[in-house]
Amino acid sequence: MFHLQGPQLLQMLEKSLRKSLPESLKVYGTVFHMNQGNPFNLKALVDKWPDFKTVVIRPQEQEMADDFDHYTNTYQIYSKDLNNCQESLATSDVINWKQHLQIQSSQSSLNEVVQNLAATKFVKVEHTQCILYVMPETARKLLPSLPETKNLPVGYGAPKAINQEMFKLSSMDPTHAALVNKFWHFGGNERSQRFIERCIRAFPTFCLLGPEGTPASWSLMDQTGEIRMGATLPEYRGHGLISHMLAVHTRALDQLGIPVYNHTDKANKIVQKVSHNLHHIAIPHGWNQWNCEPL
């Protein structure tokens, strides 16, 4: 595959991916941040240029030194042609199947491609599918033709009021990574904690400090520009903190011109209710992640 290098080509890629939203969302969000300084030192590969059919975003080889670190060994894929995608990935060394890795996409149709490739590479695959939400201002800007966008009310959804005497708005610090790691569904280990620290250093974060002066609720961003890892300490749940956090984080990113989206588990009815109240739009085909391990 062809490695796109230099700001001009990456900006052209971003513009082209924008025409394929929402299916290209995970890759579009990643390329957007590659064009804003590329804090995760990622690279973009295409099957051909400029009339590409398949795009793969991945870390530089030197970043992927730990074969068991699937948080770092993460690939984002978008394809206009699934046969082309399978052929491009099968006949190249773009994906290092000897490592523990993750593939992410906002195309559920990639499942067959990933499963077929994994079978030939002797790799075990676990597919996780979640609800993928786009925030209202991002939908108005990037997805104006969606019926749900046309029905959006003016302005932002109102978050639940919080006790602003008790909870103070702040930003996360890398020293808070252990706390985030403890409550992150996909975390709980040393590698995930290092990934969280990197996200805190690289992207805008928000938290509400509780009476003790430590985070009671928080939300972060990952290398694809997605709001992730949000949580509230058990003793402060039920006070509307995560709703407030999402609203504040979203508004701040909107003002910076950053596309805003997030995902939640299909079983997480609380976050789904929050998203509904804040007028988030669920995207077809959802959020997809394939965790791959060599057999």
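From the backbone N, Cα and C atoms, a Cβ is placed for every residue, glycine too.
Swiss-Prot annotations:
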MOD_RES   Lys43  N6-acetyllysine
MOD_RES   Lys48  N6-succinyllysine
MOD_RES   Lys48  N6-acetyllysine
MOD_RES   Lys80  N6-acetyllysine
MOD_RES   Lys182  N6-succinyllysine
MOD_RES   Lys182  N6-acetyllysine
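Of all the modified residues in the list Lys43, Lys48, Lys80, the shortest Cα-Cα distance to Lys182 (N6-succinyllysine) is found for Lys43. The modified residues listed here are Lys43, Lys48, Lys182; among them, Lys43 has the most other Cβ atoms within 10 Å of its own Cβ. Counted within 10 Å of its Cβ, the other Cβ atoms near Lys80 (N6-acetyllysine) come to 16, all protein chains included.
Taking the C-alpha positions, the distance from Lys80 (N6-acetyllysine) to Lys48 (N6-succinyllysine) comes to 13 Å.
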